[in-house]
Amino acid sequence: MDHKEVILLFLLLLKPGQGDSLDGYISTQGASLFSLTKKQLAAGGVSDCLAKCEGETDFVCRSFQYHSKEQQCVIMAENSKTSSIIRMRDVILFEKRVYLSECKTGIGNGYRGTMSRTKSGVACQKWGATFPHVPNYSPSTHPNEGLEENYCRNPDNDEQGPWCYTTDPDKRYDYCNIPECEEECMYCSGEKYEGKISKTMSGLDCQAWDSQSPHAHGYIPAKFPSKNLKMNYCRNPDGEPRPWCFTTDPTKRWEYCDIPRCTTPPPPPSPTYQCLKGRGENYRGTVSVTVSGKTCQRWSEQTPHRHNRTPENFPCKNLEENYCRNPDGETAPWCYTTDSQLRWEYCEIPSCESSASPDQSDSSVPPEEQTPVVQECYQSDGQSYRGTSSTTITGKKCQSWAAMFPHRHSKTPENFPDAGLEMNYCRNPDGDKGPWCYTTDPSVRWEYCNLKRCSETGGSVVELPTVSQEPSGPSDSETDCMYGNGKDYRGKTAVTAAGTPCQGWAAQEPHRHSIFTPQTNPRAGLEKNYCRNPDGDVNGPWCYTTNPRKLYDYCDIPLCASASSFECGKPQVEPKKCPGRVVGGCVANPHSWPWQISLRTRFTGQHFCGGTLIAPEWVLTAAHCLEKSSRPEFYKVILGAHEEYIRGLDVQEISVAKLILEPNNRDIALLKLSRPATITDKVIPACLPSPNYMVADRTICYITGWGETQGTFGAGRLKEAQLPVIENKVCNRVEYLNNRVKSTELCAGQLAGGVDSCQGDSGGPLVCFEKDKYILQGVTSWGLGCARPNKPGVYVRVSRFVDWIEREMRNN
């Protein structure tokens with residue numbers, strides 16, 4: 001099930017009023033804790049588990065896990081700080097926040113962390129010990145104060161905070177250096193602030209992060225799971241000097257929040273380096289010259305460039321002298337320059353030579369996203385799969401196998417040298433039912449990958465249909481197959497993938513159950529013992545088994561064949577997806593972007609603009625491309641081409657029958673072709689986005705075109721470039737496009753320059769990968785120059801015009 005379905009099922013398992021209680025827990029799907037002190041109990045839902053954990057008296061319950069299909073609860077004394085985690089299907093682990101936290105709130109009487117040394121570095125005496133000091137406070141005299149081991153605590157509400165008896169015979173007790181939780185104050189620039197302040201400095205209410213009104217934006221909580229973008233609380237997801245929020249005032253897009261700095265010393269910093277590691281956010285060397293040889297401006301000065309990247313605003317970023325630094329999450333260290341004509345530039349920092357161990361893997365730089373659309377498939381259980389897919393079945397990005405963040409694990413290249421654990425590619429190192437990976441979402445430990453098993457004959461993949469092709473009724477019993485995750489599957493398969501017959505849904509032998517029965521789920525098709533998916537499990541239909549030792553297992557239901565040979569957004573040739581340039585030349589694999597068209601004058605045949613095929617009869621382009629003439633017969637469209645000047649057998653040439661300009665003078669236009677294009681493996685439409693969909697900040701997208709290459713190689717052949725989307729809030733900063741970008745536009749580009757769409761690429765596509773297909777998110781519109789540093793390209797935001805596009809296609 002996708003994230004929304006998981007949340008829905010989760011909420012259904014709660015009783016009224018339990019949501020607030022769970023705020024004190026951190027949940028992780030697919031994670032099970034190895035525990036020695038535990039109780040296994042029957043439970044009807046998460047709320048029952050919660051009550052059992054809170055009411056446990058035999059031991060301190062720090063976590064519990066709920067197994068929905070087993071209707072079982074396991075309450076445990078351990079948590080992920082003290083015990084190892086294993087991956088498991090159909091389980092959600094809940095851990096009490098207070099036992100995971102290493103900070104204090106107020107005077108710290110609720111602190112339950114594991115600090116066990118005093119401010120002076122002396123080890124603490126165990127609270128239950130009587131040597132070298134006989135305690136006044138012990139576990140027996142104060143059983144509710146968390147006096148475990150030798151951890152710092154505050155059982156007497158001391159105003160100076162947590163303390164402990166020391167192991168120094170001459171020092172009875174001393175205080176501990178526990179940092180404040182960033183709830184009512186912030187350290188550094190508030191990157192880790194987790195409080196509930198939700199008003200700006202001027203008193204405006206904050207807009208909820210998951211809302212797109214009144215301000216549409218790209219800081220989507222699901223795309224930034226580690227940024228804690230909850231409710232409408234002030235946060236700092238993008239390297240600003242302090243937390244901020246979008247406001248509920250339509251005339252004020254965003255504003256900083258007034259959050260005080262914490263008064264206690266900040267948590268210990270991460271290791272620092274004299275060389276480049278990752279993005280260089282922990283670089284503390286003394287390079288003070290940019291890549292082009294410009295001397296850096298001092299961070300504390302405001303000439304020749306005024307800025308807010310000051311030592312005062314970024315107190316933890318070591319903005320000393322004029323040394324190159326990366327205070328705001330750029331791709332590398334940089335500095336403002338002393339040249340008044342060049343505001344800032346990256347620096348060239350020598351790379352650290354020693355390779356990181358798995359524990360030291362830099363999680364700040366995720367690997368390049370590998371998103372094969374030409375459907376790779378796997379044989380058998382996928383242990384031999386060595387493809388490059390790195391996307392899960394719900395569209396989440398995979399964590400690198402060598403990384404330990406956000407999920408620590410033992411499935412490393414060192415431990416499984418023959419499993420092909422490269423980068424973050426989907427693999428099956430442990431003989432599971434198919435390739436899987438750990439995810440980059442802290443709340444979802446792992447998922448199976450968005451891959452399909454190769455068919456028994458021919459090795460090809462049975463394609464999944466588009467939404468419009470899904471049947472509304474039950475599957476045809478003669479073609480026992482499923483669509484999507486099989487939630488609507490009504491076939492008659494009644495055996496698991498392992499060959500075990502299914503137990504009837506109404507039966508209570510050999511397994512008793514009460515959640516998934518014909519009575520509790522009358523619309524789920526729980527007939528006889530047929531495989532079904534009543535809970536929307538992402539892994540597909542399942543059943544309780546007739547094996548007394550195996551409660552449930554999944555069924556092997558094939559995907560239904562698509563009614564169409566080619567689906568939108570799915571090329572039949574895998575794109576190169578190189579991080580190279582259009583300017584500078586990165587020649588695309590022929591026909592790997594099959595929606596790309598060349599717009600030409602009908603009489604000279606000269607290419608002058610790009611465009612995107614969005615339906616057999618329709619092309620989307622930029623309105624400014626049609627300034628040459630208002631007559632449709634002036635234009636023609638070339639489809640299926642790779643070479644600009646060479647006509648292959650697969651090239652289609654179609655004249656234009658109608659021009660439709662956007663009525664509010666936005667830079668977007670529709671071309672109706674004089675006849676439908678023939679859809680082939682070399683001519684396939686791109687998919688349109690959902691109306692008003694917002695592309696998340698830093699999403700990797702792709703531009704293509706035959707445009708200006710400024711004398712570099714590759715001219716005349718279709719080129720491509722990989723670009724990150726830049727949130728409009730960032731793009732409109734004074735050092736970039738200075739408030740020129742409208743809400744109906746989006747920015748994308750490498751701020752260092754060198755990668756951009758240029759003259760001749762106008763009107764062409766900017767497509768972004770989403771789960772299993774490419775979506776047309778932008779139409780190339782304008783820019784300040786071509787591939788200039790600090791001047792990203794600007795694209796019409798297609799999602800804002802989907803209603804208009806669909807209406808015009810219907811009416812014409």
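Cβ atoms are placed via backbone N, Cα and C, with glycine included.
Quick caveat, the model's predicted, so the values are computed rather than measured.
Between CYS454 and the candidates CYS377, CYS398, CYS531, CYS543, Swiss-Prot records the disulphide bond with CYS377. Bond annotation: of CYS316, CYS347, only CYS347 is listed by Swiss-Prot as forming a disulfide with CYS324. The disulfide bond recorded by Swiss-Prot for CYS316 reaches one of CYS181, CYS185, CYS188, CYS449; that cysteine is CYS188. A disulfide bond in Swiss-Prot ties CYS502 to one cysteine from CYS481, CYS543, and that cysteine is CYS543. Note: Swiss-Prot links CYS49 through a disulfide bond to CYS73 (candidates: CYS61, CYS73).
When the candidates CYS103, CYS257, CYS262, CYS275 are compared with Swiss-Prot, only one is recorded as disulfide-bonded to CYS185, and it is CYS262. Cβ contacts within 10 Å of CYS352 (disulfide bond), excluding its own Cβ and spanning all protein chains shown: 16.
The domain 'Kringle 2' (184-262) is not in contact with the domain 'Kringle 5' (481-560), judged by fewer than 3 CB-CB distances under 8 Å for residue pairs 6 or more apart in sequence.
Each of the disulfide-bonded residues CYS164, CYS296, CYS454, CYS481 was ranked by the number of other C-beta atoms within 10 Å, and first place falls to CYS164. When Cβ-Cβ distances under 8 Å to the domain 'Peptidase S1' (582-810) are tallied for each of 20-98, 103-181, 275-352, 377-454, 481-560, the top count falls to 275-352. A gap of 15 Å separates the Cα atoms of CYS103 (disulfide bond) and CYS188 (disulfide bond). Counted over residue pairs 6 or more apart, the CB atoms of the domain 'Kringle 4' (377-454) and the domain 'Kringle 1' (103-181) come under 8 Å in fewer than three pairs, which marks the two as apart.
Under a cutoff of 8 A between CB atoms, and with a sequence separation of 6+ in the same chain, the neighbours of SER762 (active site, charge relay system) are CYS609, GLY610, ALA622, HIS624, CYS625, GLY707, THR780, SER781. For the domain 'Kringle 1' (103-181), residue counts in helix, strand and coil come to 0 helix, 13 strand, 66 coil, using DSSP.
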